[in-house]
Each structure stands twice: as C-alpha cells, then as structure tokens.
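Student: Here's a structure for you.
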Amino acid sequence: MQQVHERRTISTKPKSSQSKCGKKMGKRNKDDKQSPLIALLPGAKIDSEKGKITVNIGISKETVIFNIGGVKFETYRSTLYRQPDSPLANEEFLQKHFRSNKKEYFFDRDPAMFKAILNYLRTGELHMPPYMCGPAAKLELEFWGIPDSIIERCCYTHYNAYNSTLRALNRLEKDRHGSFDYPVDTHTTRKMSKWKRIRSKASIILNHPERSKSAKVYGMVSLLVVAISILSFLAETHPSIQVKRTVYDVSFVYNATTNLTTNSTTEKEVIMPHPVLDIIDHSCMAFFTIEYILRVVLSLRRLVYVRSLMGIIDLFALLPDYIQLIMFSISKHLAHSSFTRIITILKITRILRIFRLVRHVPGLWILVYTLKASLRELLLMVAFLFVGMLIFSSLIYYVDDREIFTSIPHSFWWALITMTTVGYGDMYPVTALGYMIGSLTAMCGLLMIGFSVPILVNNFITYYQYVEFAIQDEKLKREKSEILEDPVIGDQEMTKNNNSYR
C-alpha cells in the first residue's frame, strides 16, 4: 500500500493537465519547464547543465506491459515515474487504455517513437530515430507530452531539418500558385454561367498550357512571338541589319536685336534599324497588347494577374514601345531626340519576356525561386566575399607593385576576380609576397564557393523534386475529375466501384 500511495502522490500534480491528453499533449507543456517542487521528491536528480529533473522512486520490481501498434514493451512501473510530468506517470490516463483481458496498455501509436520515449524515461536523454520524419515525430511527442526542446543536440539537427524542409515546401506550394500561376475555377462547368465558363476556358488557354491541346497550341504560338520579339531587339544592334537615313534637324534661333525667331534646318545622317524590324516590332506589340487586355478582362481574379511578376513584366515590356510610338506620332523630330534614345535603352525589358518559359519549363521557375528562397545564404556569401575583398585588396596594395595596384579601391577588382576563380589576367602580382597573398586569396575563394554552393544545389534539388511530384499529382487529380464529370464514364466508374466492393 505504501507503493500505491507514493504513485498517487506523484501523479496528482499533473492530473488536471493530463485530462486533456486526448486533445493535445503539447499544450500543457507551454513553458516546457518542470515544477521546482519535483526536486524535493525522494530519488530526484538535478542536472544543472541541461536543466532537467529526473525522479527515481519505487522499490518494487513490478513491471507493466505496453502494446504500441502491435509491438510490446515491458518496463518497471517505477521507470514511468522518473518524469512525473509525462502522461505515462498519470494513472488516470493509463487506465483509459488498459485491457484487462490481456493485462496490458494498448496505444495505437508509432512503436519506434515510443521506444525513444521509453529510453528517455530510463536515461533522461531523448534521442530520435535517424529515419523518423520530423513532423511525424513531433505529433508523437505532443501525444506523449514530451517537449521537442529537450531533444539532444546530436539528434536535433535531423529533427529540425525535417521540419524546416516541410515549412520550406509549404512556402513553395503557396508561392507556386501565387507568383507565376493563376487561379482556375474548380467548380464543374455545369454549375457555372455561360460567361464564367468562357472566362474559365480562356484562363486555361492563356495561363495553363498543360491542361488542353488548344492551350498548348496557344502557348507555343506565344513563345514563338516572344522569340521573334527578342530576336528583333537583338538584330537592331547588328551592323549588317542597320541602314543609314538622312534626317533633318530643325532648330529655332531667336534674334534679340530684330526681335525675330528664325528656323534653321540641318541635314545629318543617322544609323537606324531596317524598316522590316519596325514592322516586326509593331506586330509583336499588337499581339502582346491584345494578350494583356484579354488576360486582364478574362482573368477570374484580375488583381492576381496585374500584381503578379509576369503581369508586371508584360506591362513594363509594352510601355517603352508605346512611349516611343506616341512621341513619333507627335513629331518626327522627337524620334531622334536624346529622350527617345533613353526610351530605346529601356526596351531591354523585352528580354524579361523570356521568363514566359516558366509555364513550359518548371526547372526555370525553380531556379528563380531557389535564388529567392536562398537569399540568406546568398547574403552570407556576399558578406564573406566583401570581407575577403577588403582584406586581400589592402594586403596586395602594400606588398606589390603600386603601378599595377594603384589604390585599394582599384584592387577590389583583382580580389573579386581572384576569389571567384575567374582570373582575367589584367591585374596580377609580381612580387614574392604578392604571390603569397594571391594564393591565399584564391584558396579563400575556393572555400567560399565550397561552403555556399552546395546549399543552393540542395535547395534546388529539393524544390525541383517536389514540383515534379506536385505537377504529376495535379495531372492525376485533373484526369480523375474529368472522368467523374463525364456522365457516361462517371456512371461506369461508379458501377465498377460498387461491384468491386461486393
């Protein structure tokens, strides 16, 4: 009776919190701290370094049997009371899962995690199975009322890696449908009005080339126009496609003596692109204008497209062409002014249309997203590169030829090119100490690349594999929904399923 009395004394403290074990065990360990009164119990051991209190009481050899998912575990009852805050130390909680016919406690949980938790009660150290997925382990720890903050450092790295990967993939899925993807109405076409059906089909054709043959054909035509537009922009700069034209520059001169304004016309030759390229540019501009208007008008959520990255790129790629066209319509003389030349330079935004490939090549979008998601690692690499540039450019300036390295800021270029292992050869050391500094610079650059690039590669592989899986999963779901929407095929599938159940 004395042993029973000791057990009740220990288990009365967490009784109020243990009644909530059926909901979520992690909530009662909100502060992840044990009560300091536990240290007053007989057999209590205090680990000041880890901040743990273990209690080893009970002198009997009584054992209990746990059946965890079909795997049986047997341990001393006194082992369960070494962590009084654990649900296993609560008799009321255990009695709910007791099977009197087999004299065992049955829990339909993961036996691998229970083995780790049982070892934690025995030793006071929580070690995780290396093959256990982090989110699944977290659910088990919450059920058994064990905070994940007490996981040992040797195992916490793997546990945190799983959870970090899950959070990263959740952000990836959200951004995948928000940056370059556009919503499609998931309701069946039978329940939509005629206008909504038109908008839904148009949205699929314009934004989802993988969903139908017509959308795939339009996607290929759109990519062809993008390629022509970019090639036209590149061809404008080639001398063989440029022609000389004679233009007349009219200037107005005011004579203060006679109070008259006279105009003078000067003739000059300018090099301009071939007229055929202007026709191509205007045709492409008309195509992209109509496409942009259709995307805005027929989109199921207009603001989603307008504020998306592709919507911004489409708009900014059109603005320089229209500004130049308006200025040329106002006056032909403005077509060769300095302001128009600036507008011509802004036509470089056409190159950004190449990102339309992300709808056809998922790897390109993953590459862009990897750089965005790995911004912290990139900033770390830039910081390391900046520190190396500052140190090695200062050293090479003081130990090498001043005619080659004229100043420390001028030496930044040499340090940058050497650390990135490019080595143009326009600046190089010529003294013995300069050779040593150059060698150290190159070695530090290799270490910088070796430390940072594998992180980017691992992120790219993880994201790419997930997107490939997500695309295949969406394709299967889409095919299944199309089968169910077909009244003939849907009835056949329902009959087949009913017969299979029989």
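Backbone N, Cα and C define each Cβ position, glycine as well.
Since the structure is predicted, the reported quantities are computational estimates derived from the model, not experimental observations.
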Student: So which range, 105-121, 343-359, 411-427, gets flagged transmembrane segment in TrEMBL?
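Tutor: Checked against TrEMBL: transmembrane segment maps to 411-427.
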Student: When the pLDDT values for the domain 'BTB' (62-130) are averaged, what is the result?
Tutor: 89
Student: Under 8 Å, at least three CB pairs between the transmembrane segment (433-457) and the transmembrane segment (378-399) (pairs 6 or more apart)?
Tutor: yes
Student: Taking a Cβ cut-off under 8 Å, which residues six or more beyond the ends of the transmembrane segment (217-235) line up next to it in the same chain?
Tutor: 205-206, 209, 241, 273, 277, 280-281, 284, 287-288, 291, 347-348, 350-351, 353-354, 356-357, 359-360
Student: Let's see if you can do this one: DSSP helix, strand and coil counts over the domain 'BTB' (62-130), in that order.
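Tutor: Looking at the domain 'BTB' (62-130) with DSSP, the answer is 25 helix, 19 strand, 25 coil.
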